Amino acid sequence: MPASQPRSRARDRSNVLNRAEFLSLNQPLKGNQESRSSSRKQSAQAGAAGAQNSNPKERRQSQQLPEEDCMQLNPSFKGIAFNSLLAIDICMSKRLGVCANRASSWGGARSMINLLGITGHGIPWIAGTLICLVKSSTLAGQEVLMNLLLALLLDIMIVAGLQKLAKRKGPYDISPGLLDYLTMDTYAFPAGHASRAAMVSKFFLNHLVLAIPLRILLVLWALCVGFSRVMIGRHHITDVLSGFVFGYLQFRLVELIWMSSNTCQMLISIW
């Protein structure tokens, strides 16, 4: 037995397959599985490292893409209703813009419609109020005129601020005039002429004693001034309607902060 052991050891040493460089040939399946599993682990680790190193915004966008697709394919009822009303507003405003340019169906009446719109502009109203205030000699008249001047200034500031926030353009590519730039009435929503006409007419109806025909004419004037802006293609229908609403709200605001006769006299003396 002791002699057979050295012989078996010598036989194992002389066997070529027992060398280190040939050991992998003895277990081919195990070696292939280990190599494949190690390559899979390395690729998984590389993918995880790439995902960690990627931008979190890109991961968020990739996660939100299916939801965005669902939102586009299944819009809400409110979104459909809003877009439908907006499309109707734009279509009707374009059709009613009969004086938008000289080639329009009522292009010859554009100058007259523009003149009607000037009657609702802020600059003529402020200038006329100042002239009447200088020539007025009664305390009641000065009180009404000072509050009217305050209402006109508030109207210009409020409408200019809302237009800067909305930045909505008109149905036609019409550049504002010089008077529009002076009153910062450069955008479409809300219509400044409509808000001013509604505020002034409501102001006169409340603080002036007028006959019934004059009251009717005053209301018709405000409506004509508002819709004249649609006819020349400067505003949408909803811009004019919202202008009427804002004009009424401005009148209510002036009524709340109404300046008394003493306050008016103090301001006139300072001026």
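Using the three backbone atoms N, Cα and C, a Cβ is placed for every residue, glycine included.
It should be emphasised that the depicted structure is a prediction, and the values quoted were computed from it without experimental measurement.
What TrEMBL says about this one:
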- 1-66: region 'Disordered' (REGION)
- 24-34: compositional bias 'Polar residues' (COMPBIAS)
- 40-55: compositional bias 'Low complexity' (COMPBIAS)
- 112-138: transmembrane segment (TRANSMEM)
- 143-255: domain 'Phosphatidic acid phosphatase type 2/haloperoxidase' (DOMAIN)
- 144-162: transmembrane segment (TRANSMEM)
- 203-228: transmembrane segment (TRANSMEM)
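If you take every residue in the domain 'Phosphatidic acid phosphatase type 2/haloperoxidase' (143-255) and average the pLDDT, you get 91. Sorting each residue of the domain 'Phosphatidic acid phosphatase type 2/haloperoxidase' (143-255) by its DSSP state yields 84 helix, 0 strand, 29 coil.
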